[in-house]
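Here the structure is laid out as structure tokens; the discussion comes afterwards.
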Amino acid sequence: MGSEHPSRSNNDRRQIPKPGHNPSLTEGASSSSSSSVSKLELVQKAFLAPFGHKKTDSTRILSDLAPVIMTPRMINSAATVSSRPRASITSSSMTRKLDFATLGRAPLRLGLGSKRITSGDLQIFEATEELLEAEVPEPEGIASNVSLLRGFNATIPSAENSKTRRRQMRNVETPRLGLKKLGMSARGLLTEEEDTEGQSVASSEDDIVLVRHVGKKGRESLSTTKKLGREELTRQSQEIMRDKENIHVKRSLINSEIEEITNKIHALDEIRAKLEQDLLKLHEEELELDDELEGVKERIKFEQAAGHQKNSSVQNLHLPPSSRRRKGPAFLPSEHDELPPGVAFMTLESHTTPITALDFSEPYGTLVSGSQEDAQPRVWDLLSGEEIGRLRGHVGAVHCLQVEDHVCLTGGADGNVRLWDLRRVDVDDNWGAEEMVSLRDVAEEEEEGGEFVERPNGIRSSEDTEAKDNACARVLEGHTQAVTALYFEDECLVTGASDKTLRQWDLTTGQCVMTMDILWAISHPANPSLSAPIFSQSFPGSFSVLTPPYADGTRETYEDFVGGVQFWGYGLVSGSGDGAVRMWDMRTGQAHRTLLGHTGPVTCLQFDEIHIVSGSLDQTLRVWDLRMGNIFETIHFDHAVTALQFDSRKIIAATGENGVKIYNRTSYQQSTLLTNGHTSPVERLRYMDRYLVTGARDAKVKIWSL
């Protein structure tokens with residue numbers, strides 16, 4: 001209203017002549033002013049007319065853009081573009097309607113003298129015949145039962161109008177009851193009377209009308225005062241049926257949406273699982289990079305110390321650092337990358353009995369393997385896969401061995417530990433060709449009746465060259481029963497035997513510097529309240545336990561009381577036949593902590609800075625937390641665990657099956673190596689980086705690519 005008055009007053013002022021002026025002059029002035037208005041301005045006003053009102057955001061935006069777009073130059077250019085023939089695109093009979101889109105695209109052609117086709121010159125044509133001949137796909141899901149129009153009618157707000165109308169038809173006019181006020185009072189809300197601070201503003205509409213019936217006549221029902229009629233009831237019946245159909249349609253639509261959401265959730269779960277796998281792979285790559293960095297640091301130290309090697313007590317025999325804790329990738333031939341992972345690509349066949357011990361210096365280096373009922377371990381060249389020679393000297397089978405570079409230590413059933421120089425092993429063996437390497441600080445040997453004389457330091461030597469091997473550099477004697485576990489680093493050696501003792505040796509002098517009695521540790525535990533779960537009694541005499549059945553159903557007698565030993569600095573860890581994992585202080589020879597959890601003899605173990613991993617005949621592999629002294633993780637298998645090795649990413653174990661088990665420590669998943677593998681249960685294993693060697697009860701040694 002207000003906007004119309006100013007325009008009307010302006011028109012009145014233009015039409016009504018002022019006093020004192022000639023009307024003819026006024027008309028002439030108006031005609032002259034109208035002639036001054038160009039046709040272009042009239043066209044511009046006509047175009048701007050739709051943008052004169054401002055009701056919504058879109059119209060306000062268009063009205064703001066209109067003065068910019070509707071300039072005289074742009075309008076003239078748009079008219080010129082629209083009037084150009086388009087014979088090259090469409091037929092000459094086609095005409096183009098001037099619209100806002102054309103005006104918006106018109107400036108793109110301003111100032112261009114070329115005939116280049118722009119988006120404004122394109123036309124859209126529907127392939128009507130092709131669309132009519134195309135086969136219409138059958139609807140799926142809810143669309144096969146409910147049409148689009150039916151679903152639309154069931155979900156629009158007007159579908160509830162019939163229910164509202166029927167409710168209103170059932171309303172009965174009664175005297176004013178004040179139900180709203182009663183409802184507000186029941187909910188504890190303030191009424192209008194309470195809000196006015198004592199001022200009464202009550203109206204007649206808020207008064208509660210009490211209907212008193214005269215006499216004892218009962219009040220009639222509200223439904224008796226309302227008569228709907230047959231036509232109305234029929235209509236309501238039809239509306240109710242239609243509402244029920246709408247409910248069915250809505251239910252179908254909701255079920256369809258639920259199914260769609262379920263499918264989306266399933267798809268998202270798959271995406272989440274894939275992303276979690278990618279995250280685990282990133283974690284494994286990070287751990288691999290950490291190991292590689294540690295390997296580089298160790299390599300730097302090794303190369304720096306290469307020129308400052310200490311003189312060893314054994315002539316021409318340098319003891320290298322242990323590779324058991326070596327981290328990072330190993331040096332491999334370039335062709336190794338061409339091998340498929342998880343496949344045994346080489347088989348070494350020479351033994352005739354099950355493999356009992358094996359170790360190698362490096363990938364494609366030198367391998368030493370021992371077997372049951374065989375006192376001569378084989379020496380192999382892993383690069384060619386051929387046997388180099390044999391280590392002769394033990395009386396009885398070799399139960400354990402360790403190889404570091406060209407140095408090998410073996411422990412046998414005769415209770416002796418022999419130190420070998422693998423560089424002096426050849427095919428001919430040169431049995432008894434030279435003297436045994438002499439030891440410093442050892443008195444000259446004495447002979448009485450041609451028999452050997454044992455020295456107090458436990459070293460045995462003789463001039464009888466018919467009873468010694470060229471490659472054997474030293475013999476360490478001290479154990480009274482079979483040596484079943486050994487571990488050495490630098491010039492320190494620890495051995496465990498079936499005589500239930502652990503011995504620490506100094507390889508520079510060949511002397512036993514300490515003996516640790518496991519039976520004494522069992523009878524005097526560090527924590528008296530703890531005892532081994534099964535083997536709490538003493539073990540007089542020999543020790544033997546029947547193993548659980550292997551995968552092929554066979555069983556054997558297990559007699560190795562000490563299943564594994566390893567030390568680092570002054571800390572020593574041992575696993576024994578009583579099922580306990582003990583931690584010893586090598587400075588005092590005392591067991592200061594006992595880890596209980598296995599229910600069978602411990603057959604193998606290894607530890608690093610954080611965890612100890614042990615395997616047992618109880619068919620479990622347990623991961624212990626060194627910081628807390630408790631079980632961090634327990635992995636169950638179907639058969640006994642006889643060998644293991646682990647790093648920061650995986651645990652590889654021999655679990656009484658023909659295959660080799662690999663446990664991923666990040667994803668907690670297990671896999672098995674079987675391709676071209678063993679035909680009998682695996683007993684021993686050793687790996688470096690992506691290079692694995694296994695020995696089994698089929699008397700074969702397999703080389704795997706990881």
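Glycine residues also receive a Cβ, built from the backbone N, Cα and C atoms like all the rest.
TrEMBL annotations: computationally assigned, not manually curated.
According to TrEMBL, the protein carries these features:
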REGION    1-36  region 'Disordered'
COMPBIAS  1-15  compositional bias 'Basic and acidic residues'
COILED    258-292  coiled coil
REGION    303-336  region 'Disordered'
REPEAT    348-390  repeat 'WD'
REPEAT    391-423  repeat 'WD'
REGION    444-464  region 'Disordered'
REPEAT    476-515  repeat 'WD'
REPEAT    572-594  repeat 'WD'
REPEAT    595-634  repeat 'WD'
REPEAT    675-706  repeat 'WD'
DSSP tally for the repeat 'WD' (595-634), helix/strand/coil in that order, comes to 0 helix, 25 strand, 15 coil
| task | Run the contact check on the repeat 'WD' (675-706) against the repeat 'WD' (348-390): 3 or more C-beta pairs under 8 Å, excluding pairs closer than 6 in sequence. | result | yes
Residues outside the repeat 'WD' (572-594) whose C-beta sits under 8 Å from one of its C-beta atoms, at least 6 past its ends, are 485, 494, 496, 500, 502, 504, 514-516, 518, 521-522, 525-527, 530, 532-536, 539, 543, 545, 560-566, 600-605, 607, 612, 614, 616, 618, 624, 629
DSSP puts the residues of the repeat 'WD' (675-706) at 0 helix, 20 strand, 12 coil
Secondary structure split (DSSP) over the repeat 'WD' (572-594) reads 0 helix, 16 strand, 7 coil
Taken over the repeat 'WD' (476-515), the predicted model's pLDDT averages 93
